[in-house]
């Protein structure tokens, strides 16, 4: 209370506007007269809190009360309103470690250890305060006042943002996004009605136009049915859906820990820092490594599908179409996510909105085109729109575009292809090590190291680049080729044990080996470069073993778990969840009104809520856009079905040593992809889909489609 009159007096000598000076005088007089609005304004301003010895310095004030203040003079017109300003403070708390002599009574707090000597060694502490001032003061005025205070108290004070209650402004991007969503919803409902109408028509009289086929791709009921039930993959890749689902679960868990633990928004940040530097938490904090599973699975599926296409088309493929199909598939969904991001300021606000949400939205305003051209990973993470996910989509498309350089040689001359892949992995690993060595960087992303500039360099110069993830992607291409050539193979028990042991060992080494660097321990630069170059690739090798074992039927219980229906549904939603989850997290963090006490229980509680809301948003996005895109692609480019059009299939198979021949007449009508049947030629009556007795699967447009 003694500080405020001094500020009022000093304001007359400050270069601030006259309206602000007049409002501050009214504020001072209101406090003297104990007016309710003035007391509310003072009450909304931060105050000293308990927990200073645990470096609990932040206090956010009362955000909503401040914005709700309205001051009316005697004539009835509004004079000014409350304005909430976020104030970041950085002060030298203790230049040297000191000893705190404690009294005997403190032994009651920790009966098992002496508190006679307690070290405190924080040099610089950042904390966040909230100040409520009249709206007549501009942001520049508040900054001038803060500079005066900073000189008086030897602090570094910055006022990054001031908030006032404003009307919601509808911008063109909002109109475009709403129009797009409403159009997709109308198409989905219309498609469902067309589907319902066609179900009432007898099969013998059913004649569907091309237009009806296209509309059916948007049907909400069909897309929901495909999502929930799905067809069992004829290639045995059902377990990959489970792997994708578990990967996104761990990625979101890591993001939840890293993003929620903003030290300026938490109580007891000292304890939090100690917890984050423990070995056990590396399983969560190194979640950035799990993204390599996405690159590996992408490589597997790309390799397998291209090999099948090249084999069926005499080694020919349309390169432009190969790239453009992936480009437009990702473009439409990413555009929708960017449009939805601009609705965040309409949904919520808060004291830390300026630091959690505004930078991302500003990046979207300035560089949305980089996302849609899929080159955002060549910018700094701090300059990317939807930065946690768009870099991955860009890197994946870039690797997809160059994958044919390796797939063509694999198809024509496998030895040459394998040699090219091996050389590329080695070169990319050396490149990662060289950047790490020359710039003296830590080997991996470590959020707890003191030098945050180096951590940012690891992200911008290493993690975002496609060459960094070429190793996992090319290992995926190799696995895809092996599965194409020898998909069904049984392994001996000793081979399985050795393979699983090696896989677990490599995964644990990748996760926990960089721990010493997290503790800021010094190592030889060559060793650091070696760990940086091999870390991602070794983790990808571990995941590659799991992938190969599951698809070939050698994973046992692991395969059954990864192929269960719940994970299969999650796997189909993974891409949409991945794109959306950062928006949900940002709204939560930007809306925080009070300091959060962070414990593992509270963090998991937050995590479950964030996951639930993300899935809830991902479901309509998938049904309205992602699923129709996939169905339209199948309708426009049915390569497998075109190979069988107007032909009969004669196939000789061997079941339990007996040779048989089957001939099937292929339907000559155009059939929607939904009704393409998987016909298993001489499939033995065994439950194990990956049984060695199974020999052939052909995809046929059947005439008895329902």
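Going from the start of the chain as shown, residues are counted 1 onward.
Placement of Cβ uses the backbone N, Cα and C atoms for every residue, glycine included.
Under the heading domain 'Nose resistant-to-fluoxetine protein N-terminal', TrEMBL lists 17-166.
As annotated by TrEMBL, transmembrane segment applies to 175-198 (among others).
TrEMBL lists 241-259 (among others) with the feature transmembrane segment.
Summarising the annotation, TrEMBL assigns transmembrane segment to 287-306 (among others). Residues 235, 237, 240, 243-244, 247, 250-251, 253-255, 258, 317, 322, 392, 395-396, 399-400, 403-404, 407, 410-411, 444-445, 463, 469, 472-481, 483-484, 510-511, 535-536, 539-540, 543-544, 547, 578 of the same chain sit 6 or more residues outside the transmembrane segment (287-306) yet have a Cβ under 8 Å from a Cβ within it.
Feature annotation from TrEMBL assigns transmembrane segment to 327-347 (among others). Tertiary neighbourhood of the transmembrane segment (327-347): same-chain residues 168, 171, 173-174, 176-177, 180-181, 353, 357, 360-361, 364, 368, 371-372, 374, 385-386, 390, 393, 397, 575-576, 579-580, 583, 586-587, 590, 621, 625-626, 629-630, 633, selected by CB-CB distance under 8 Å and a gap of 6+ residues from either end.
Annotated transmembrane segment per TrEMBL: 417-438 (among others), in sequence order.
Residues 292-293, 295-304, 307-308, 399, 403, 406-407, 410, 414, 417-418, 421, 424-425, 428-429, 536-537, 539-541, 543-544, 547-548, 551-552 of the same chain lie 6+ residues outside the transmembrane segment (470-485) yet bring a C-beta within less than 8 angstroms of a C-beta in it. What TrEMBL records for 470-485 (among others) is transmembrane segment.
Positions annotated as transmembrane segment by TrEMBL: 497-517 (among others). Outside the transmembrane segment (497-517), and at least 6 residues removed from its termini, the chain residues within Cβ reach (under 8 Å) are 279, 282-283, 286, 289, 442-444, 446, 449, 491, 523, 528, 531, 535-536, 538-539, 541-543, 545-546, 549.
Summarising the annotation, TrEMBL assigns transmembrane segment to 537-557 (among others).
Residues or ranges marked as transmembrane segment by TrEMBL: 569-587 (among others).
TrEMBL lists 607-625 (among others) with the feature transmembrane segment. Sequence-distant contacts of the transmembrane segment (607-625), counting only residues of its own chain at least 6 positions beyond either end whose CB sits under 8 Å from a CB of the stretch, comprise 181, 184-185, 188, 218, 220, 223-224, 227, 249, 252-253, 256, 332-333, 336-337, 572-573, 576-577, 580-581, 583-585, 588.
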Task = State the mean pLDDT for the domain 'Nose resistant-to-fluoxetine protein N-terminal' (17-166).
result = 74
Key: For the transmembrane segment (537-557), distant same-chain residues with Cβ under 8 A (at least six beyond the ends)   = 235-237, 239-240, 243, 289, 292-293, 295-297, 300, 425, 429, 471-472, 475-476, 478-479, 482-483, 487-491, 496, 499-500, 502-504, 506-507, 509-511, 563, 688-691
Task = Could you give the residue numbers and ranges of same-chain residues that sit at least 6 residues beyond the transmembrane segment (417-438) on either side and whose C-beta is under 8 angstroms from one of its C-beta atoms?
result = 405-411, 458, 461-462, 467-468, 470-471, 474-475, 477-478, 481, 525-526, 528-530, 532-534, 537
